[in-house]
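Please read the structure below before turning to the comments.
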Amino acid sequence: MAGTKKRANADDDFVLTLSDDENDTLNQLEEEGEGDDGALATGSKTKKRKRDDAAAAQQEKGKNKKVKKQEQQQQQAQQKKKKGKNAPVQEEEDEDEEEEEDQGEDDGALNSDFEFDVGGAANEVRDFDGWEVNGNEEGKGGDKKAVDIDDIISRRQAKKEAELIRKQKKKKQKQEEEFSELEDDDEEDGGMEVDFGDDELLAEDGFGMGVDGEEESEKSDAEDEEKEEGSDEEAEGSDEDEQMDEDDDDAASDDDSVATPVMHPDDIASDRDSDEESQVDAEEEEKRKAFFAPEEEKTSESAMADAKRSFQEFNLSRPILRGLAGVNFSNPTPIQRKTIPVALLGKDIVGSAVTGSGKTAAFVVPILERLLFRPRKVPTSRVAILMPTRELAVQCYNVATKLATYTDITFCQLVGGFSLREQENILKKRPDVIIATPGRFIDHMRNSASFTVDTLEILVLDEADRMLEDGFADELNEILTTIPKSRQTMLFSATMTDTVDKLIRVGLNRPVRLMVDAKKNTAVTLVQEFVRLRPGREDKRLGYLLYLCKEIYTGRVIVFFRQKKEAHRVRIIFGLLGLKAAELHGSMSQEQSVENFREGKAAFLLATDLASRGLDIKGVETVINYEAPQSHEIYLHRVGRTARAGRSGRACTIAAEPDRKVVKAAVKAGKSQGAKIASRVIEPAVADSWAAKAEELADEVEEVLSEEKLEKQLAQAEMQVTKGENLIKHEAEIKSRPKRTWFETERDKKAARKLGAAELNGPDAGMSKKEKQKLSNKDKKRLDDSRQRQEAGAGWKKGRATRESMKNGQLPKAKKDNKKKGKK
């Protein structure tokens, strides 16, 4: 029994740690179970090894103590020299502390090196950003490398500098050679006699010197006096002319009647449109009453109580509250206060609030709360969140994963630019929430065997008014007809439509309408500025932009363009002028687009309307509209990239005559809201100078574009080579894959793309150059002639022979033949 107790005590003393060899320990434990004799033998071996380890540790400890004592003695010796008598007392105290350490007494106090970690919430508050990409997600974008404009510009500038230095060296060498030749000539001429026969060698005060000079000076003095008299007469004459002009103006103003102001045709059209919008059809109003759920009437007391509510009062689970605290969300915004209780009840919602008011959290929080109570036996995808752009989907994915940090809810993002195979592998695990763009969602829905939509219970459409436009109509209909009809549907946007005919398509069931702010409102903290371009100065628009970016708004600026081609050209000009800029449009991937701007490496983000919706890029101070957008709704989304979540911001729009309608709508909405609106005046001469600088760089821009095109072609060729190698190497596997299908033909996709472009940039945006160009008079006449022939019923056109024969008074050849046949 005694031996068994000793062995038990020895086993209790032995503690498994991460540094121990687990395999050896497991083998020893297995050997212990073989028999009593084997167990005793193993126990003795273990004791022996432990004693050896303990002795080695004690020796090491003793060595460390000796080293420490030696160091302390040296320090104390130095202190004795400085302090004198106080040193021995300190030495005794140190020795007492060492004895206590040797005894190994534990007084229950925490080690000073111990750090308490609250689970990462504090760290996440500091570093939270909607654009943050986790380490695991960084490699999902593929190995595609884009052409770097900055590299091309820096290479070209380095070449130019080297060439300039070489030219300067050559010039210097030439000058030195010329100088040396001149010196040689001077040396050769040094021995020659100089003839001063024709020169005046008298002193200046000598007789006859300076006579010509005095005559010339007298003449110049006389001329100056005449000029002064003439200028005085001119001044008097100009004063008289001015007085005469003023008298004429007064007489004219008395005789002529005052002209009445005439409205601009665009103003008349915009007023008519606004009147039509304000007068809501009675039939439409009846439709809305029947379609939407009745709204609850709230008293002022209940409104005050709602304003004071916090997230704790929604009875949310502790993991959700902890996630909200982790991203520093303490009090809900108005849209969150209204949405969360209704969404938790499972009702359909149509929500609208100004940009930057927290709409993403308004639908993510109730979804997470409902998913905490899901059955966990079988993994199932229950939620689909659809976004119009991949950048917005990536941002929503990052926000949702941050809020769900302390839960077991899984997410998947299905967006373009990421590997299809990796997305399919994640879908096999049936994630709870799928955040996707419509195109990639349909692709997986049709072609991924592991993805099923039969179990979806919640559908969210963010930026729903954009999703309901013609460009997304076909894709949205395909999704809505495939997923279950018995679902909860939530629609959110800053400019949410309430047209019943559009909302019926989504399959809403008596939705609750949650309109927090008045329609077409901006944030209160936003200052709106407008720079007016006079007629005939539209070609100087780039000069105004360069002045604004170089002199006034120099950091954290988003510049919006209508077309990515123009954005790319301005990006090159910015690079040549030394302005650090990044691009964000459909041809760029998300990593290329925002990473430099988010990290502060680029001061300007040149974007199209792709980035105007929903994107929450941290610290944006200013938004500049290079051109006013197609509609007031797009303008609201653009300027909503700044002044978010209560922060201040500024929006500046460069507006010409064609932009009058949008500018007037923005000013009218801002004044009704009480927002600050200002007009910025830029001197035309300053703008012209910057425009001239941009024109000087036109050739350089073309060369950079051609070099970029060449690099893209090389990259494309390399990709084709790699593709060919893979086809040869993995031929069997590639041929065994089923062909990916789509619900539309290429013609239908092209038509949908045109409709989407027309929604953003007007009817002319989707047209080709041939369709856009103006018809010549010759073409117009040809079209008129063809129309007249069709109206007259004559389907043929007189040929050259017919016209010539009619001029000569002869019948056409065919008619002659017919006449001869008739005579016979």
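Placed from the backbone N, Cα and C atoms, the Cβ positions cover glycine too.
For 1-305 (among others), the entry in Swiss-Prot reads region 'Disordered'.
The annotation compositional bias 'Acidic residues' is assigned in Swiss-Prot to 11-37 (among others).
The feature compositional bias 'Acidic residues' is assigned by Swiss-Prot to 90-108 (among others).
As annotated by Swiss-Prot, compositional bias 'Basic and acidic residues' applies to 137-166 (among others).
According to Swiss-Prot, the feature compositional bias 'Acidic residues' maps to 178-203 (among others).
If you look up Swiss-Prot, you'll see 212-257 (among others) marked as compositional bias 'Acidic residues'.
Sequence annotations record features per position, and here Swiss-Prot assigns compositional bias 'Acidic residues' to 273-284 (among others).
Annotation source Swiss-Prot lists compositional bias 'Basic and acidic residues' at 285-305 (among others).
Under DSSP, residues within the motif 'Q motif' (309-337) fall into helix, strand and coil as 17 helix, 0 strand, 12 coil. Here Swiss-Prot flags 309-337 as motif 'Q motif'.
Taken from Swiss-Prot, the feature domain 'Helicase ATP-binding' covers 340-514, and the record attributes it to sequence analysis.
The number of other Cβ atoms within 10 Å of the Cβ belonging to Thr360 (ATP binding site), over all protein chains shown, comes to 23. Marked as ATP binding site by Swiss-Prot: Ala353, Val354, Thr355, Gly356, Ser357, Gly358, Lys359, Thr360.
Annotation source Swiss-Prot lists motif 'DEAD box' at 462-465. Within the chain, the motif 'DEAD box' (462-465) has long-range Cβ neighbours (under 8 A, six or more residues past its boundaries) at 350, 359-360, 363, 385-388, 392, 396, 491-493, 495-497, 506, 613-614, 633.
What Swiss-Prot records for 541-685 is domain 'Helicase C-terminal', and it gives sequence analysis as the kind of evidence.
Per Swiss-Prot, the feature region 'Disordered' maps to 739-824 (among others).
Marked as compositional bias 'Basic and acidic residues' by Swiss-Prot: 739-749 (among others). Counting same-chain residues at least six beyond the ends of the compositional bias 'Basic and acidic residues' (739-749), those with a Cβ under 8 angstroms from any Cβ of the stretch are 442-443, 446-447, 474, 478.
As annotated by Swiss-Prot, compositional bias 'Basic and acidic residues' applies to 767-790 (among others).
Between the listed binding-site residues, namely Gly356, Gly358, the fewest other CB atoms within 10 angstroms of a CB are found at Gly358. In three-state terms derived from DSSP, Ala353 (ATP binding site) belongs to neither a helical nor a strand segment and is classed as coil. In the predicted model, the motif 'DEAD box' (462-465) shows an average pLDDT of 88. Those residues of the chain, other than Ala353, Val354, Thr355, Gly356, Ser357, Gly358, Lys359, Thr360, with a C-beta within 8 angstroms of the mean position of the ATP site C-beta atoms are Thr333, Ile335, Ala362, Ala494, Arg644. For the binding-site residues given as Thr355, Ser357, the lowest number of other CB atoms within 10 Å of the residue's CB is seen at Ser357.
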